[in-house]
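I have placed the structure first, in the form of structure tokens, so that the comments after it can refer back to it.
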Amino acid sequence: MKNYNIPKMKKEIIFYLAFIFSASLPLSTKVANVCLILLGLAVIIKVFKDGINLNKKSFIKYGLTTTVFVLVLLTIGLFFTDDVNNAFKYYGRFSSYFIVPLIFSFLPFSFLNEIKKTSCKGLIIGSVISSLILISITFFRYYVFKGNTVQLQADILSYDFTYHQFASQLNFHPVFLGFYIVLAIVFLIEYKGLFNNYLKIFSLFTLLLCLLFLNARSPLLLLCIYFIVFFIRRVLIYFKYKKGLGQLFLFLGFTVMIVVSAIIFLKDTYLYQRFSKHIVWELTENKGTSYDGVYSNDSRVSRWKAIASKGGERPFFGHGAASEDKVVLIAYEENQLMYAYKEEYGPHNQYLSFFVEYGLFGVAIFIFYLFYNLRNAITSRDILYLFMFIIVAVGSLFDSILYRNMVVIFVGFYCNLFTIMDIKRRKNEASNV
């Protein structure tokens, strides 16, 4: 393998682009897309200058452990679909799922580790800036709403100032922006040495406040999962090293205080309704009813049941690539879910999306992908790696996240970064034995 000396600045260009890409994720999806393309080009130039060769056998062997599995399913799905022309368009949409793991596979572990560090820092900074912008605009809107008077009441957490109304100020979906924010919180807490303590506290408060206004269930559920994992780790540390008991009680007391205060303060708000009446309504079978007595709809469980039944007509290899939209609407019509049919709702479940298009085969491949990476993250004791895949596994229960552009570039970058770093680390350890 050739190894030419490259000026340091040229290497840093890749790190800068990784930083800018990550920082732009919570600010502008279009800018993030451009940065990801530039990052790919920069890596390709480095590969050619260094004369780095790709281990093709290794790339093929580990293909299904990266997001390449989505392209594999798409290709197999071409043999079962009734809409081949539309299916081919998905190769462009999902190109990041192949290109990113490919270019990362050329880079050594140490280089990827530096990309990881700069991208983590970028996501935190971008998320804090995005949060400050959204919170500032929202408080100004609330100030105008209150007749240009300075007041702070529970109605600031009403529908008019949270969820879509909050995230749409930067043209984001609240759930997907919430994924960025939650991962930024995990990076902020777990990645040591990126910021001083005062900046960490300010950033953490800002990100948590943004999550509150986003009012999205999946991100808040993920945050709860992280805090549970955090607490369990602290308990294990105490029993193993007999230290950290004070921190453990401080964390537990602080958490209880926050939860109790939140319940009292938020009891009569839209946020509280979304996590009480609304979620109960969504998780029971309801057709053409309303959880609030105002707007009628079809609950998520009733839609899932109809879609699963329709998908079961071709259980093994599904209806083929790009068939989801058509099959789902037929399922709604056959089950008299007219509100869902009229609004053209998707499955809101990645597992169901794969089942409809690729059958049990597709679901099995997806579960293998998740299981492989979750297992390796646990055995590696890498909380950042672990939580990135928890986001994918849990987020996929409530939306078809791997089909959304905001998530395609997010998952394409971070999941593949962690997966390929783990593969290279294990190879390095094996070669040193």
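Just so it is clear, glycine is given a Cβ too, placed from its N, Cα and C backbone atoms.
Record features, source TrEMBL:
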{"type": "DOMAIN", "residues": "203-367", "note": "domain 'O-antigen ligase-related'"}
{"type": "TRANSMEM", "residues": "14-47", "note": "transmembrane segment"}
{"type": "TRANSMEM", "residues": "59-80", "note": "transmembrane segment"}
{"type": "TRANSMEM", "residues": "92-111", "note": "transmembrane segment"}
{"type": "TRANSMEM", "residues": "123-144", "note": "transmembrane segment"}
{"type": "TRANSMEM", "residues": "172-191", "note": "transmembrane segment"}
{"type": "TRANSMEM", "residues": "220-236", "note": "transmembrane segment"}
{"type": "TRANSMEM", "residues": "248-266", "note": "transmembrane segment"}
{"type": "TRANSMEM", "residues": "351-371", "note": "transmembrane segment"}
{"type": "TRANSMEM", "residues": "383-401", "note": "transmembrane segment"}
{"type": "TRANSMEM", "residues": "407-423", "note": "transmembrane segment"}
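When Cβ distances are compared across the two stretches, the transmembrane segment (92-111) makes no contact with the transmembrane segment (383-401), since fewer than 3 pairs at least 6 residues apart fall below 8 angstroms. A Cβ distance under 8 Å defines the sequence-distant neighbours of the transmembrane segment (407-423), meaning residues of its chain 6+ beyond its ends; these are 21-22, 25, 29, 32-33, 36, 58, 62, 65-67, 93-94, 96-97, 100-101, 104-105, 109, 112-113, 115-116, 119, 176, 179-180, 183, 373, 376-377, 380, 382, 384-385, 388-389, 392, 395, 401. Relative to the transmembrane segment (383-401), the listed stretch 172-191 leads the set 172-191, 220-236, 248-266 in CB pairs under 8 A. In the predicted model, residues of the domain 'O-antigen ligase-related' (203-367) average a pLDDT of 90. Residues of the same chain lying 6 or more positions beyond the ends of the transmembrane segment (248-266) and with a Cβ under 8 Å from any Cβ of it are 154, 157, 227, 230-231, 234-235, 238, 272.
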